[in-house]
Amino acid sequence: MSFFKRLKDKFATNKENEEVKSLTEEQGQDKLEDTHSEGSMQDVNDLAENAEVKKKPRKLSEADFDDDGLISIEDFEEIEAQKMGAKFKAGLEKSRQNFQEQLNNLIARYRKVDEDFFEALEEMLITADVGFNTVMTLTEELRMEAQRRNIQDTEDLREVIVEKIVEIYHQEDDNSEAMNLEDGRLNVILMVGVNGVGKTTTIGKLAYRYKMEGKKVMLAAGDTFRAGAIDQLKVWGERVGVDVISQSEGSDPAAVMYDAINAAKNKGVDILICDTAGRLQNKTNLMQELEKVKRVINRAVPDAPHEALLCLDATTGQNALSQARNFKEVTNVTGIVLTKLDGTAKGGIVLAIRNELHIPVKYVGLGEQLDDLQPFNPESYVYGLFADMIEQNEEITTVENDQIVTEEKDDNHGAK
């Protein structure tokens, strides 16, 4: 099975499953308008006031169930994969249009696989924010693969390019996107990032996601420095339906964490998500503050924080990469939340972060709704970037195969 066909079979929506797929979603889905920043208090209030509830009918045919009246695990997993594929396809529309248009133009200009083609490909990928070092690694592997397979026509290199992008992301731990969360303990997630990248919105959406998974969630308002940060987090807490532990503006963030952990333990909370200040102007002060916060957390909960997630704005491109480097110097970042990926035409930043900083992307923001914050999956990401190309390629292949079968039948009939 070709790589393109495997991706299409896994993620492309099967029209026959549309009804079943929609019925696996939550019957009530709050639609919230993403502030895409830690904007004014009014922005957050407007977001909450304008929330709408979408209801979906639950109609399943008998064929969708097993003898116990439950949908099979295989069907459920297939539907979930298709839902994820649809999310990434919709969220990466700008990047997909940009990538595919440039790649199509490149292949149209260079019909032969040679050094001129690879140099033009390098330039294209660099402008897509893939990152210089990553681009050099990718194109070098493509050169070797083209030579190994004796690929002469650039058209035949399309699928190899997509396949190598997935391989480059997976060069390290294949399970690195998974969150370090366990049942039966208080899991602590520390959120870091500069102001304006959507950190507060991300915390709210994470809280919603975990609550929908049946977890008991609490928020800690540790950003006591920025005006309005505490109130905005409280609005999200009310909207999602989780408790927010806070003190007054200007309080010691470590003291907030201490109170939050005690409250979380007393209430049997599963996941505590901790906000922090987002200033990077003074690295020394921020480092000292974060280290103090982590000491307080670790003293109360051994091995915590279990995750330290850095929020980055995908629309800022290489600036996001620079922020990641800076925060990596300040604290041990275990994962990236890449916000506003739906708002950029340069989705290659995901590869640069993973390959050059060796930090896995854990979640990506693919739209404005609450459930548009999705766990990152490399194959879903690649499908979202190249979905049109993948589906078109497979349709062409199917037609060509049908023609071959028809010709063989005609030949056999003539021989008789």
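Glycine too: its Cβ is placed from the backbone N, Cα and C atoms.
Model, not experiment: these values are computed from the prediction.
Look at TrEMBL and you will find 15-59 tagged as region 'Disordered'.
Residues or ranges marked as compositional bias 'Basic and acidic residues' by TrEMBL: 15-37.
Summarising the annotation, TrEMBL assigns coiled coil to 89-116.
The local packing around Gly193 (GTP binding site), expressed as other Cβ atoms within 10 Å of its Cβ over all shown chains, amounts to 29. Residues annotated as GTP binding site in TrEMBL: 193-200, 275-279, 339-342.
What TrEMBL lists as domain 'SRP54-type proteins GTP-binding' is 360-373. Helix, strand and coil counts under DSSP for the domain 'SRP54-type proteins GTP-binding' (360-373) come to 3 helix, 6 strand, 5 coil.
Highest Cβ count within 10 Å among the binding-site residues Lys199, Arg279: Lys199.
Neighbour list (Leu341 (GTP binding site), Cβ cut-off 8 Å, at least 6 residues apart, same chain): Gly91, Leu92, Ser95, Ala314, Gly347, Val350, Val364, Gly365, Leu366. Lys199 (GTP binding site) falls within a helical segment according to DSSP.
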